[in-house]
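Visitor: Below is the structure I would like to discuss, written out as structure tokens.
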Ligand code: TYD
Ligand code: MG
């Protein structure tokens with residue numbers, strides 16, 4: 001009889017330890033360790049040791065088959081996945097509760113069912129009636145789709161194997177549990193067990209499975225981060241619950257590129273694709289206003305134009321206030337320091353608020369020059385011509401460095417009717433063809449600020 005052992009897991013990254021620790025040595029998060037009873041070593045149904053008949057193969061003898069992809073009927077999602085769902089793959093869709101994960105996957109189920117595929121939607125969160133009510137909101141199901149409300153992993157496995165669907169949604173991983181383990185549903189070991197079982201079912205039966213996982217900041221429920229390394233594809237659904245726009249971001253993809261994004265809008269009848277995010281993000285933009293500039297950021301292979309707003313005004317506090325929404329706070333502070341030191345702006349006595357419009361979040365260095373120009377424009381109280389877009393990375397010396405994808409960025413600006421572009425001089429020199437748009441190459445921020 002194996003003795004019950006207690007182990008501790010980090011609920012953020014899944015790091016295992018025999019004793020409790022305040023800080024996780026792997027991901028450096030504090031207070032994330034949770035106690036769990038380890039399963040006895042002799043549990044049945046666990047991963048089997050490799051078959052003895054298996055032998056290694058020469059790489060030249062391996063033939064590659066083009067992986068088969070199924071369209072989800074949602075172009076934004078297909079692009080993030082790299083061209084559709086790969087059969088037999090396991091994907092994870094993470095995001096805050098209420099962001100729209102169930103809605104998105106139900107829409108995928110509807111599209112696939114309508115295309116004549118066999119689809120099974122398993123929910124541990126909602127009743128059949130609730131799902132039906134949601135389904136009525138998002139549109140008609142012309143074909144049959146199987147629904148199953150259950151949380152027991154054994155039952156779920158049996159139903160999948162019995163019905164043999166092509167596509168399965170498991171909503172959500174935190175509600176599913178295996179009776180073989182003693183810990184509660186949502187704990188690290190349960191979440192891992194459910195995921196590894198689903199992985200096996202997906203691979204052995206060539207079924208594409210999507211798992212929904214809520215991202216939790218802390219607490220006993222294991223975050224989906226613990227299973228990122230176990231699945232083929234990881235998508236995160238982000239955005240403010242209050243804002244209408246939702247961004248679907250690929251962070252891991254064994255069958256395609258990552259960092260592609262899909263943009264959606266939550267409407268009364270489900271999630272709508274935003275086909276031209278630049279146009280949407282720029283709608284309602286104030287014209288001829290100081291502190292407002294348009295930048296171009298590459299999200300994966302796609303250039304997106306977005307407005308940056310800055311408000312700089314003399315402070316009436318002891319300590320000037322600074323905030324950054326949608327952009328890294330430290331980056332804004334750094335760029336303000338560059339403006340002070342290299343151009344001589346007196347920003348020490350000013351409050352500064354920098355916002356990205358539309359609830360987007362950007363981390364690309366190519367928006368540096370845009371942030372600088374927005375701050376300078378507000379500080380000088382002078383507007384930049386509204387038909388100008390800006391991109392370029394800024395270094396600590398105030399130099400403007402080249403960024404990748406210059407051509408694509410210029411093309412997108414041209415498409416949306418922009419007439420001028422402030423960009424790194426090095427990018428101008430690297431251009432192969434002359435665009436119709438007026439290019440203003442700069443090699444340091446002083447040159448750029450001359451345009452204000
Ligand atoms: P949901 O998909 O349940 O989120 P998750 O599965 O990520 O927890 O959707 C959450 C919100 O979306 C909910 O508050 C209601 C809203 N919603 C709409 O605005 N329109 C719709 O058509 C639907 C189905 C939901
Ligand atoms: Mg849900």
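Each Cβ is built from the backbone N, Cα and C atoms, and glycine gets one as well.
Okay, so TrEMBL annotates it like this:
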DOMAIN    66-215  domain 'RecA family profile 1'
BINDING   95, 96, 97, 98, 99, 100, 101, 102  ATP binding site
MOTIF     252-256  motif 'RadA KNRFG motif'
REGION    351-452  region 'Lon-protease-like'
Visitor: Among the binding-site residues 95, 97, 98, 100, which residue has the largest number of other Cβ atoms within 10 Å of its own Cβ?
Guide: 95
Visitor: For the recorded ATP site formed by 95, 96, 97, 98, 99, 100, 101, 102, name the remaining residues of the chain with Cβ within 8 Å of the site's Cβ center, in chain order.
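Guide: Near the ATP site, the remaining chain residues are 214, 237.
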Visitor: Take the domain 'RecA family profile 1' (66-215) and average the pLDDT across it for me.
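Guide: Summarising the domain 'RecA family profile 1' (66-215) by its mean pLDDT gives 91.
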Visitor: For ligand 2, which among the binding-site residues 96, 98, 99, 100 have a CB under 6 Å from it?
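Guide: Checked binding-site residues vs ligand 2; nothing flagged, none.
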Visitor: Where the criterion is a Cβ under 6 Å from an atom of ligand 1, which of the binding-site residues 96, 100, 101 meet it?
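Guide: Once distances to ligand 1 are taken from each Cβ, 100, 101 fall under 6 Å.
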Visitor: Given a separation of at least six residues and a C-beta threshold under 8 Å, show me what packs close to residue 101 (ATP binding site) in the same chain.
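Guide: Listed in sequence order: 93, 94, 95, 171, 172, 212, 237.
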